[in-house]
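Below: one structure, written as structure tokens.
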Amino acid sequence: MPSLLDLRRTAAALVAVAMSAALIAFAFIISDSARTQMQTGARLSVGDASVVVQEGRRANSTEGALDDSLVKKISALDGVASVRGRHWSVLVLDLPKQLRNATHIAVSAQDVPTLSRFTTLSSGRLPTASGEVAISTLLAEQQGLSVGNTIRLTTNDADDNAEAPHSAPTVVGIVSPGPDTEVEGIGAVYATTDQLKAMGANTSYHQLYVTAKPGTDTAALTSAVEQTAHAVQPHALVQDRETVISQRSENQQGGTMIAAILNILAPVCAMVAVIVIATTFSTLVARQTRTIGLMRCIGTTRRQVMLAVLRTGLITGLLGSVLGTAAGTGIASAVISSGRFADLEADQLTISPVSLALTIAVGTLVTLIAVLRPARKATRISPLVALTGQVASVKQAGRARVWAAVAGVVVAGAGAAVIALGIQISDIYVTAGGSAVVVLGTVLGLPALVTAIIGLIGRVSSGTRLPVLHLATRNLARNSGRSAAAAATLFVCVLVGSALFVGLSSLNASFESILGHSSPVDARVFGVTPQTNTTRLTQQIKAVDGVQDVTYVPTLELTQAVDGQTKNIVVDVIDAKAIAPIVRTTSGLEDLDDGTLIVGELYDIPDGSKVTLTGAAGSVELTARVREGWGGVITPATAQRLNGDAPTDTTMWVRSTGSTMTPATEHALHAAVRGQELMVSGNAAGVELMSAQIMKMALIVCLVLGSALVIALSGLANITDVSVLERVREIGVLRATGSSRKEIRRLIVTEGVLVAAVGGGLGLLVGTALGVSETLAMAKSAEGMTVHVPSLWLLALFAVTLAVGLAASVRPAGRAASVPPVRALSEE
């Protein structure tokens, strides 16, 4: 049976399949390469060890430690070449308790690393004596530390253990740790064994790496090491090399943020591609109605008709998927090889045949699914109906459109109710589910909605005032199904884009406010004692460029009693009026008075409960109020009753001149207190990192949406081109009755721009509403989160949408304008 469809006209579907397959292949390769990166890192962390022994003692256990005596026993086993012990403990920054929930407080204490191609020294030198430490680049960025600063450290039980060590070693070097140093994702401190002991770190080994002699059976060696280790520590975990590598790879975060965003947005391109493919084949089937009817008259069965359409769809899907997969592979290879994407390096590029095959299969399957409806529609063309040139009556199409609109209203209404529930309970997942339902309902009702809007525009634009616009609306309304399909591609693109832009803009605009509520002080200087020369310190800090003002807040170490349970507590003594010029907000201190204790949820004190605080001068019973952002707070009058006139330690609070403290100002603060056993804690590095992440996410969203708009462009151009071919007689009549080439060109361009305006406008409205809903759902969980609609970004997105409609119609418009009247009037 000959082909029913014009393969040249399937170019739009081919482009749609290729671009969506390219994006899917790109996302797969990024994910696979990130997985290779993690596996490579896990292998480097194990080194040449064949067996790894992991510390397994529980708290207060009487089991033996992984110490030098156990190392000697394992070294004496047959087949063992060497045993390497590794120290590792978790310490905390020596900060007041109220800051520990909002600060990267946990740090890992480790042995001095061996420098390699992966682990390098960024600045300074490695520590060689007590009182010296090197820190990781992550810790340096988080705390704004540099060589010469001191870092105040203590153990995790310092709140309840009066004998816990408090150390302030000097930073002599900053290390950029590689995977061979086994990065845990938290800041690290590197020190000699003596200094680790002085800081309170565990000096027994955390892990033992056993290297086997060549030819040694790994399973037998693992069993022997396990027996030896369990004789000392029964709960020690003994594993062979491959098991450890597998576990460490899995424990790392799967993929990267960029790969995750690509995996989320790739279905958007696939959805747009489905709409373009389905519309393209529906248009081609409609154009071949008479041909299909004639073939049915000479004996062609429905099955043969369907197979003819599906065969073309299969060829289109397979060819487009292969081309797209090749393009996506090439782009991913070039990007990763550059070494500037997602921290991936050229030697980590991983192109999996399974992923490529899956991409081709998905692209082909998506194409076949999209072609099913046009293929079924082609089988319904009977010989008699085909010869009349109509597939279905206008009334039948109108009834179907009405029922679809009713279903869309019901589904969208249900989704709106779910969104309202999600906002009420502050659950972003419930809100996201409701948003998906609203989108589904809107897509169902889109044909009726597009027809109604175009009809309204047609009634507003009278035939005499705006004749071209009026005629364009009538042409679009005549084939409302095709117009709605063309608008749907742009609707999906703009909806997703506007929703993401609103969310990202709200997060970016609210970040400073959120930060102000969680940490209302720009920076704090810790370690100020009664012996500190505060006058000189104030002069030093105020002399820093970017510092506006400072104040001192006393800090008391007290004992709390709640429901018969007693523990230590650290509180700040705050006069709300005195600190107002220094802090970003005083929200949360409204209930502070002489009978109130302000605490955060971290303190595990129920709101409204009675708390007895005991200090050097006496005890006071207070009512607890749980308010976030301040930690433990009492008034100066209450502090006087608890501590009397005894001298206390204080913390300097620093206010910067800008809306937030800049990294440069924070680094200058560190330099100002260098050598004084003081430590600065600020949030400038976190703010900068968060802003960079938001911008990176916005860039990726723009790139993916750009790809989706190109797919939509190809589909819209094809639809407009076919529409021109179907209306050759009509265009000829217009030309014969005096319409100029310019007017014909304007008519076709107006139709394309009008479809883009309707689809983009609806996507903009619905997407903005959904973005606002998601932001409101987050508002209660993230105090300070406010809705921000990026008007300029949304207008730019709408302008791009109009440009897509214009670009898609320029070539068909030129073709329509070039048709001579005589040829047009002779067309069948």
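Each residue's number is its place along the chain shown, starting with 1.
Even glycines carry a Cβ here, placed using N, Cα and C.
Where the annotation comes from TrEMBL, it is an automatic prediction and has not been curated.
Residues annotated as transmembrane segment in TrEMBL: 12-30, 257-286, 307-331, 351-372, 402-425, 437-457, 484-504, 697-719, 747-772, 792-810. TrEMBL lists 266-383, 704-821 with the feature domain 'ABC3 transporter permease C-terminal'.
Spatially, the transmembrane segment (792-810) is not adjacent to the transmembrane segment (307-331); fewer than three Cβ-Cβ distances between them are under 8 Å for residues at least 6 apart in sequence. In this chain, the transmembrane segment (747-772) lies close to the transmembrane segment (437-457): three or more C-beta pairs between them fall below 8 angstroms, excluding pairs fewer than 6 positions apart. Tertiary neighbourhood of the transmembrane segment (437-457): same-chain residues 401-402, 404-405, 407-416, 418-419, 469, 473, 476-477, 480-481, 483-484, 487-488, 491-492, 495, 754, 758-759, 762, 766, 770, selected by CB-CB distance under 8 Å and a gap of 6+ residues from either end. Counting only same-chain residues 6+ beyond the ends of the transmembrane segment (697-719), those with a CB under 8 A from a CB of the stretch are 9, 11-13, 15-16, 19-20, 22-23, 257-258, 261-262, 265-266, 268-269, 272-273, 275-276, 279-280, 283, 482, 485-486, 489-490, 492-493, 496-497, 500-501, 504, 752, 755-756, 800-801, 804-805, 807-809, 811-812.
If one looks beyond the transmembrane segment (12-30) by at least 6 residues along the same chain, the residues whose Cβ comes under 8 Å of a Cβ in the stretch are 255-256, 258-259, 262-263, 266, 269-270, 272-273, 276-277, 280-281, 313, 316-317, 319-321, 323-325, 327-329, 331-333, 336, 341-342, 344, 349-352, 355-356, 358-360, 362-363, 366-367, 370, 704, 707, 710-711, 714-715, 717-719. Each residue in the domain 'ABC3 transporter permease C-terminal' (266-383) has a pLDDT score, and their mean in this model is 84.
Here the domain 'ABC3 transporter permease C-terminal' (704-821) has, by DSSP, the following mix of helix, strand and coil residues: 99 helix, 0 strand, 19 coil. Residue counts for the domain 'ABC3 transporter permease C-terminal' (266-383) under DSSP, split into helix (H, G, I), strand (E, B) and coil, are 98 helix, 2 strand, 18 coil.
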